[in-house]
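*Asks:* Below is one structure. I have some questions about it.
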Amino acid sequence: MEALTLQSFLLFVAGLAVTGAAAGLLAGLLGVGGGIVIVPVLSFMLEFMKFSPTVAMHVAVGTSLLTIIPTSIMSLNAHNKRGAMDKALIRSWAPFVALGAAVGGIAAHYFSGASLKSVFGFVALAVAINMLLPKKIVLGDTLPQNLPFKFSVPGAIGFISSLMGIGGGSLTVPTLAAYSYPVHKAVGSSSAFGLIISLPAVVGFVVTGLNVDGLPPLSLGYVNLLAAALIIPLTMTTAKLGVRLAHSLQPEHLKRAFAVFLMITSIRMLWPLLAG
């Protein structure tokens, strides 16, 4: 990495401020997790500042997971007050989601930056396509309660979400909706899963990154404390604004626009792999 100049540092701070504000606004307005915005932007910014692609992607994911903790707490409290959380579902899925997230948080260390980008790109592309589909996929009338399903599906949600640096809403909500689960309760319950995913995953990213060379300044393992400190307050502030705007705007049009943006971002991240 080249020496960090004042100009590049100020650009980094300004970029983080815009990213945090945009992530919170979209989270409140469209119900998508901020991580799906934070990870690609932060990764790009770190690479632009001449950090290695592997370090950049790992730090982007780990830092995004840390930002999810306070925003999830705020979100789950709001949903709980509205009675939009299925506590029985949360208790049933929590151990498997947490286990998957913990494994993902440790396993990510052994992924290259390109591999993490591939995971993010493919899953984000699937999320974008799902957002654009006029009819949602339906797999059943009720949510399966058997142990193999609980171990595999919630576990996979936790594992993949921790590798992507997202709170799980982008995977949890469409999964629950595919089994005819009420959408408002799916969104509310996913905020709890965001906390359940981020806590063990952050620990994994911190511990496995402690002795890694070439990390950005003010990093604890793969978690950059400066970036998190800038993103968190802005995300939490603009998320409230996004919720208010959702009642006066037409979120469906904005959701389609965001899906297109997400698709372009995914293809950009996947292009080196697709180009061979």
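In case you wondered, yes, glycine gets a Cβ from its N, Cα and C as well.
Predicted automatically and left uncurated, TrEMBL annotations should be read as such.
Straight from TrEMBL, here's the annotation block:
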type: TRANSMEM; residues: 27-48; note: transmembrane segment
type: TRANSMEM; residues: 55-73; note: transmembrane segment
type: TRANSMEM; residues: 93-112; note: transmembrane segment
type: TRANSMEM; residues: 157-179; note: transmembrane segment
type: TRANSMEM; residues: 191-212; note: transmembrane segment
type: TRANSMEM; residues: 218-236; note: transmembrane segment
type: TRANSMEM; residues: 257-274; note: transmembrane segment
*Asks:* How about the transmembrane segment (218-236) and the transmembrane segment (157-179): do they have 3 or more C-beta pairs under 8 A, pairs 6 or more apart in sequence?
*Replies:* no
*Asks:* How about long-range neighbours of the transmembrane segment (27-48): same chain, 6 or more residues beyond its ends, C-beta under 8 Å?
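*Replies:* Cβ under 8 Å, 6 or more out: 12, 15-16, 19-20, 55-57, 59-61, 63-65, 67-68, 71, 117, 120, 124, 127, 164-170, 173, 187, 194, 216, 227, 231, 235, 238-246, 249, 251, 254-255, 258, 262, 265, 268-269.
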